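Here the structure is laid out as structure tokens; the discussion comes afterwards.
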Amino acid sequence: MGRRALLLLLLSFLAPWATIALRPALRALGSLHLPTNPTSLPAVAKNYSVLYFQQKVDHFGFNTVKTFNQRYLVADKYWKKNGGSILFYTGNEGDIIWFCNNTGFMWDVAEELKAMLVFAEHRYYGESLPFGDNSFKDSRHLNFLTSEQALADFAELIKHLKRTIPGAENQPVIAIGGSYGGMLAAWFRMKYPHMVVGALAASAPIWQFEDLVPCGVFMKIVTTDFRKSGPHCSESIHRSWDAINRLSNTGSGLQWLTGALHLCSPLTSQDIQHLKDWISETWVNLAMVDYPYASNFLQPLPAWPIKVVCQYLKNPNVSDSLLLQNIFQALNVYYNYSGQVKCLNISETATSSLGTLGWSYQACTEVVMPFCTNGVDDMFEPHSWNLKELSDDCFQQWGVRPRPSWITTMYGGKNISSHTNIVFSNGELDPWSGGGVTKDITDTLVAVTISEGAHHLDLRTKNALDPMSVLLARSLEVRHMKNWIRDFYDSAGKQH
């Protein structure tokens with residue numbers, strides 16, 4: 001991984017302050033939902049209304065009256081005023097329309113649960129910008145970008161919906177989210193249990209903080225995915241780093257690397273660490289989107305893309321040049337499966353979305369997730385977790401320093417057994433599962449494991465190629481939601 005422990009993402013078209021420092025594995029959580037065109041529609045467009053609600057910029061202070069418009073989407077085709085429910089998507093780090101169109105599970109179960117679907121956009125993402133074009137100007141404007149403020153937005157929006165939509169006032173609400181949104185769904189149930197009767201937190205790494213889990217668990221799972229997908233695959237990747245180091249020692253070697261990897265720009269010796277970070281991030285992204293069918297989540301990819309990649313990485317005991325030619329073929333599966341890309345751009349994974357800006361600030365304040373590699377239990381170069389280095393980079397970038405223990409102080413870390421009605425789902429292929437809840441905590445804090453699942457596969461729309469493990473997971477999730485809805489109405493009936 002990176003020599004300075006951080007991957008520099010340059011968004012020079014925005015402004016000088018837009019240079020972002022973010023570790024590849026951590027940025028993957030944010031960039032996972034930020035395609036080049038985040039409002040692109042799926043093959044079958046969803047029918048929803050686009051609405052706006054006036055939110056306070058600061059819910060927890062009393063000397064500011066500034067407000068902004070939070071965007072949210074509503075779909076009520078299958079909603080029933082009698083015995084119905086509200087499924088509330090806790091928006092995360094990106095454009096809410098993209099989330100709406102890519103969370104097919106909610107659309108698939110809406111009729112069965114007689115549900116209204118609500119997708120709430122997270123402040124500072126998409127169109128929900130508290131200070132408009134100045135929202136990312138400096139840390140003073142970004143000061144209100146916190147999970148706590150976002151949860152308060154969700155609470156106020158639910159109150160507004162129940163107050164203004166006839167028939168919604170006395171209906172149960174269930175929070176649903178994936179990845180960071182899954183963390184928010186769980187935290188929302190913890191902090192506002194009177195607002196939602198339960199939460200589905202898919203691929204939510206709520207324990208990827210401080211020392212709650214080993215810092216190397218994420219990259220270890222990435223490595224396991226590659227090791228299981230083809231003979232000698234992870235070993236080939238492990239050996240590629242030294243091959244790159246040796247070949248980049250000379251000008252002719254750099255020139256050869258540029259050609260062999262079909263890069264868009266000539267490599268210099270200063271580019272080598274960035275090149276290795278870019279390659280590392282590619283393997284991370286593949287682990288997260290290792291779906292059982294062809295998909296277009298981050299890039300157009302075949303079914304089980306890691307198996308396809310590993311077909312080119314069967315023999316680690318070859319010359320440096322042949323090994324790296326094989327690495328190119330593997331990279332080409334991710335970046336050029338469509339066959340339309342003429343060269344590979346090692347800055348390509350830095351998307352041009354404001355979502356990346358917001359996430360980099362959150363990673364420098366609250367969402368401080370330790371990652372490390374040792375080159376023994378994983379296929380990456382050794383790299384230790386260095387909080388001071390992160391803190392210094394964050395201060396240089398944003399003028400703020402991280403609070404690594406704040407999330408566990410706010411939400412309890414592993415001491416959450418007093419809460420109820422949260423389903424934590426994780427795919428065993430997903431590297432974020434290492435920071436997730438993978439075992440039942442109580443009868444009502446339940447873990448659902450998807451043996452053939454990558455990153456929140458259960459929230460994707462149903463597919464004929466879905467493995468049995470995800471079909472069972474969705475069935476369990478719906479059963480829990482039905483129980484929460486039934487208990488809500490049973491309790492309401494007893495009170496009258």
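Positions of Cβ are set from backbone N, Cα and C atoms, glycine also.
The disulfide partner of C310, as annotated in Swiss-Prot and taken from the candidates C215, C233, C372, C394, is C233. Within the set C343, C364, Swiss-Prot assigns C364 as the partner of C394, by disulphide bond. Annotation in Swiss-Prot places C264 in a disulphide bond whose other cysteine, of C215, C343, is C343. Every protein chain considered, the tally of other Cβ atoms within 10 Å of the Cβ of C364 (disulfide bond) stands at 26. Looking only at other Cβ atoms within 10 Å, the busiest spot among the recorded positions N47, S179, N336, N345 turns out to be S179. With a cut-off of 8 Å between CB atoms and residues at least 6 apart in sequence, the same chain places F226, R227, I306, V309, C310, L313, K314 near C233 (disulfide bond), listed in sequence order.
DSSP classifies C233 (disulfide bond) as helix under the three-state reduction. Using a 10 Å radius centred on the Cβ of C343 (disulfide bond) and all shown protein chains, the other Cβ atoms total 12. Averaged across the region 'SKS domain' (194-334), pLDDT for the predicted model comes to 96. Among the recorded positions N101, C215, C343, C364, H455, the ones whose Cα sits within 10 Å of the Cα of S179 (active site, charge relay system) are H455.
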